[in-house]
Amino acid sequence: MHRYRSHTCAALRKTDVGSNVRLSGWVHRVRDHGGILFIDLRDHYGITQIVADPDSPAFKVAETVRGEWVIRVDGEVKARADDAVNTNLPTGEVEIFATEIEVLSPAKELPLPVFGEPDYPEDIRLKYRFLDLRRETLHKNIMSRTKIIAAMRRRMTEIGFNEFSTPILTASSPEGARDFLVPSRIHPGKFYALPQAPQQYKQLLMVAGFDRYFQIAPCFRDEDPRADRLPGEFYQLDLEMSFVTQEEVWETMEPVMRGIFEEFAEGKPVTKVFRRIAYDDAIRTYGSDKPDLRNPIEMQAVTDHFAGSGFKVFANMIANDAKVEVWAIPAKTGGSRAFCDRMNSWAQSEGQPGLGYIFWRKEGDKLEGAGPIAKNIGEERTEAIRKQMGLEDGDACFFVAGLPSKFYKFAGDARTRAGEELNLVDRDRFELAWIIDFPFYEWDEDNKKIDFAHNPFSMPQGGMDALENMDPLEIKAYQYDLVCNGFEIASGSIRNQLPEVMVKAFEKVGLSQQDVEERFGGLYRAFQYGAPPHGGMAAGIDRVIMLLVGAKNLREISLFPMNQQALDLLMGAPSEVSPAQLRDLHVRLAPVQKS
């Protein structure tokens with residue numbers, strides 16, 4: 001028999017009754033029932049119940065074992081009594097009557113419980129992550145992560161993509177987020193950077209003639225902590241394709257992403273055909289470029305109904321600025337004053353002056369609008385709004401006014417808030433859609449200049465003609481995001497592979513041809529030697545997994561994450577290094593400036 005086990009702790013069934021077996025694992029818990037000891041033995045695969053009675057030669061050792069000790073058990077498989085069968089366990093019809101128990105490794109008193117799922121301080125969980133990972137839910141999440149990534153690889157390979165690994169040590173780029181820098185010992189005073197994404201390398205692969213590329217790519221960004229991103233590193237399904245339009249990228253990747261969700265959604269419905277929503281429409285309809293489409297609320301402009309009306313707050317704004325708009329946020333079943341007042345109070349807590357509303361109710365046989373706005377704009381305008389928004393008795397509508405560029409995010413938050421409070425959101429399905437036609441440029445208010453809105457390597461729609469003849473803020477990009485349930489889960493574009501168009505695009509943000517050559521020399525140089533039209537995308541693996549397993553945050557699907565202060569409490573990183581190491585790297589530390 002094998003030194004440690006003949007079976008795993010999930011393998012034994014009723015057909016094994018009478019067999020002599022050997023198991024090894026962790027003591028999940030010990031129970032004493034009338035002098036007989038019951039030990040739940042756990043390994044990676046599952047749990048098996050061990051029985052040690054006082055007449056067994058194993059009993060003396062069984063009395064000493066405690067939670068999370070590692071033991072080996074020899075014994076005979078016996079069927080449980082009918083009233084003792086545990087239907088929650090695959091091994092629940094059998095138990096092992098121990099004949100020998102060997103302690104392989106005792107455990108100290110635990111700093112956090114492994115049995116059960118009690119809440120525990122996060123820093124303790126991260127410091128003792130090796131114990132935390134033994135807990136059932138987290139262990140299951142990590143295995144789901146492994147299976148999802150394997151499925152991504154399988155699906156990409158099946159449709160003709162080749163996996164290539166791109167360098168981890170690369171050049172620093174001033175674009176985007178802050179780099180993690182690595183000093184060079186061989187080249188004093190110079191630094192490598194960890195890649196924020198394999199963007200330039202994957203485009204170079206297309207120039208090199210590798211038609212379809214993908215990898216499970218680690219990405220590193222020295223960003224301030226965010227709720228939706230772990231400090232330090234994250235992973236993406238990165239891909240690129242040659243000789244494609246953006247429609248072909250969508251048609252290629254939609255079955256892959258839908259298939260991943262269907263495979264791991266545990267029966268929850270997944271969108272069959274992904275909608276394609278223009279960025280401008282997403283902002284105006286949902287107040288977000290990553291809308292949760294499970295929420296049925298769709299906003300509309302109702303400016304005309306307030307122009308010249310008796311509701312002077314809005315009417316005066318419209319009269320004084322032609323760019324002012326009024327947006328309506330319909331709220332089916334929200335037609336009570338109590339709910340409307342709660343929404344108004346919430347708006348004030350968000351720093352807004354309030355949230356105007358109308359709600360409709362039956363007065364005899366007549367449907368009437370109620371609330372201060374209805375009173376001020378009159379019955380005819382109130383009825384026109386109701387008909388436009390498709391509202392009935394018991395429904396409400398909220399209103400925001402001003403410059404859409406200033407208020408759209410708040411309007412989107414109000415839409416989300418109303419949908420959640422009224423239980424309009426179906427949480428048991430996955431709604432995916434493409435957001436397309438992103439703006440190529442945006443106005444940087446802080447620096448009073450035009451800047452790239454998203455990926456500077458995207459091809460502008462209209463190419464050189466658009467760059468030379470259009471208002472930069474009107475130019476759209478061949479850029480697209482894939483969104484799911486209110487999260488951006490992938491982003492991509494058709495790339496700008498023409499050197500002269502690339503230079504012109506960067507000129508608009510104040511960078512010269514020399515700047516482009518210095519900052520993106522490898523890519524710019526490659527484009528001089530025959531670059532195919534190409535495009536691709538990258539899907540955020542961590543976020544996809546979080547959605548599929550229903551985790552509340554990214555730490556629940558990551559093996560050894562840092563905390564929100566970017567500290568690795570398990571390994572003690574970041575840490576000081578020795579003076580000798582610094583000398584080797586030609587690095588001298590300056591005194592820390594106190595803020």
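A Cβ is built for glycine as well, from the same backbone N, Cα and C atoms used for every other residue.
For His33, the entry in Swiss-Prot reads site 'Important for tRNA non-discrimination', with the evidence type sequence analysis. Within the same chain, no residue at least 6 positions away in sequence has its Cβ under 8 Å from that of His33 (site 'Important for tRNA non-discrimination'). Mapped onto three states, the DSSP output places His33 (site 'Important for tRNA non-discrimination') in strand.
The L-aspartate binding site feature in Swiss-Prot is assigned to Glu175, Arg221, His454, Arg495. Residue environment of Arg495 (L-aspartate binding site) contains 25 other Cβ atoms, counted within 10 Å of its Cβ in all protein chains.
Among the features that Swiss-Prot reports, region 'Aspartate' is placed at 199-202. When pLDDT is averaged over the region 'Aspartate' (199-202), the result is 95.
Annotated ATP binding site per Swiss-Prot: Arg221, Asp222, Glu223, Glu488, Gly540, Ile541, Asp542, Arg543, in sequence order. Packing around Glu223 (ATP binding site) is summarised by its Cβ count: 15 other Cβ atoms lie within 10 angstroms of its Cβ, all protein chains included.
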Below 8 angstroms Cβ to Cβ, which residues of this chain, lying six or more residues outside the region 'Aspartate' (199-202), approach it?
166-167, 170, 213, 238-240, 455, 457, 520, 522-523, 536
Rounded to a whole number, how many Å is the Cα of Arg221 (L-aspartate binding site) away from the Cα of Gly540 (ATP binding site)?
14
Tell me the coarse DSSP state (helix, strand, coil) of Asp222 (ATP binding site).
coil
Taking DSSP H, G, I as helix and E, B as strand, the region 'Aspartate' (199-202) contains 4 helix, 0 strand, 0 coil
One should report the C-alpha separation between Arg543 (ATP binding site) and His454 (L-aspartate binding site), rounded to whole angstrom, as 19
Among Arg221, Asp222, Glu223, Glu488, Gly540, Ile541, Asp542, Arg543, which the record lists as binding ATP, the farthest-apart pair of C-alpha atoms sits at a distance in angstrom of 20
